[in-house]
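Peer 1: Could you have a look at this structure, given as structure tokens, before my questions?
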Amino acid sequence: MGILGLSKLIADLAPLAIRESEIKNFFGRKVAIDASMCLYQFLIAVRSEGAQLAAVNGDPTSHLMGMFYRTIRLLDNGIKPVYVFDGAPPDMKSGELAKRAERRDEAEKALKAATEAGDEAQIEKFNRRLVRVTKEHSREAKELLKLMGVPYVDAPCEAEAQCAALVKAGKVYATATEDMDALTFGSCKLLRYLTYSEARKMPVKEFSYDKVLQGLELTSKEFIDLCILMGCDYCESIRGVGPKRAIELIKSYRDIETILENIDTNKYAVPENWNYKRARELFIEPDVTDASTIDLKWTDPDEDGLVQFLCGDRQFNEERVRNGAKKLLKSKQAQTQVRLDSFFKTLPSSPNAIAAAKRKAEESKKSANSKKAKIGGGSGAGRGRRPK
């Protein structure tokens, strides 16, 4: 789930914290990628005639196709990816996992009804909702990455937390995920849309943690409390408190304890036995492997091993796999250049620049609303996954 409404809140109140870039602008960067998020995207998006790609025995191969070609694209653009896989979820996430199980049950019932009605659009819709990443998908992805010469890390718990630890330790430049809670875990940089297909033409969105805090005028601890109020994976939120009210409360009272002492409980329903303190602890001190003990190495691809793994029963085209392996080797050999900005120190933004960016964001928002009013808006426009 991530943090509900956080990306929009940052765009509205801390616009300088977001920068849009082309993928090529991350040349020379090492990036920790949320592997489970990627595999889910590939299982959903990589399809043929509406169905997942599959091996001879019917097992899906969409995740392998996506992982192979998107990783080649990253390396081709000079990016050195390291994939981080989820471990066991924390106990505090059991409530969120139970909700997801309920939604899957509902989707299964809806799929059955759509199948009986012969509604192809609804069948595809609910089939996608039932997609989930299994241990076998992850195992196969790790085997593929090993053959490609790309490192991966098994997180003891949450992948986003482990990615953030790698960033904070200077092992990588950024965390790449669609879940905004990478910022709550303290990742200095967060990249969204990095692993999206080229055809979607989505610029990469880069969030800067320091500029988020600066723009929202919060400390790191206050930011964590804000995220808990907005809605996270580890506990319920206060009913009636959305992003706007959450930031108002944090700025007024600075922490959840003081908010609870002053909030009108008749107006805002505080969850019974609300375990926000444990959620806070999970963000401040998550269960991660010490980044200093992790050695990241990118090695030459095993071309014959890739052919053996992907072709045959998995039905990949051998010529394309061999061409992909050659691209991997060429990219590795080319990655000896150094980014120019590694020689220079980046200066922090001035308060005047931040204020100017906020004014510009407000003007853009007003202009967009004005245009919507003139042309009538259209509820079908801009469909897609809602940012978290």
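Every residue, even glycine, has its Cβ placed from backbone N, Cα and C.
Given the structure is predicted, the values throughout are model-derived calculations rather than measurements.
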Peer 1: For the Mg(2+) 1 site that Swiss-Prot describes with D86, E158, E160, which of these is also annotated: D34, D59, D105, D210?
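Peer 2: My reading of Swiss-Prot gives D34 as the candidate in that site.
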Peer 1: Hey, Swiss-Prot has Mg(2+) 2 bound by D179, D181. Any idea which of D233, D255, D264 it lists too?
Peer 2: D233
Peer 1: Can you identify, from 111-119, 282-290, 336-344, the stretch that Swiss-Prot calls region 'Interaction with PCNA'?
Peer 2: 336-344
Peer 1: For R70 (DNA binding site), what residues in its own chain, 6 or more apart in sequence, show a Cβ-Cβ distance under 8 Å?
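Peer 2: The answer is C38, F42, T195, S197.
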Peer 1: Write down the Cα-Cα distance for D179 (Mg(2+) 2 binding site) and D34 (Mg(2+) 1 binding site), rounded and given in Å.
Peer 2: 9
Peer 1: Tell me the Cα distance separating G231 (DNA binding site) from E160 (Mg(2+) 1 binding site), rounded to the nearest angstrom.
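Peer 2: The Cα atom of E160 (Mg(2+) 1 binding site) is 17 Å away from the Cα atom of G231 (DNA binding site).
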Peer 1: Of D86, E158, D181, which binding-site residues come within 10 Å of D233 (DNA binding site), going by C-alpha to C-alpha distance?
Peer 2: D181
Peer 1: For the region 'N-domain' (1-104), what's the model's average pLDDT?
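Peer 2: The answer is 89, the mean pLDDT of the model over that range.
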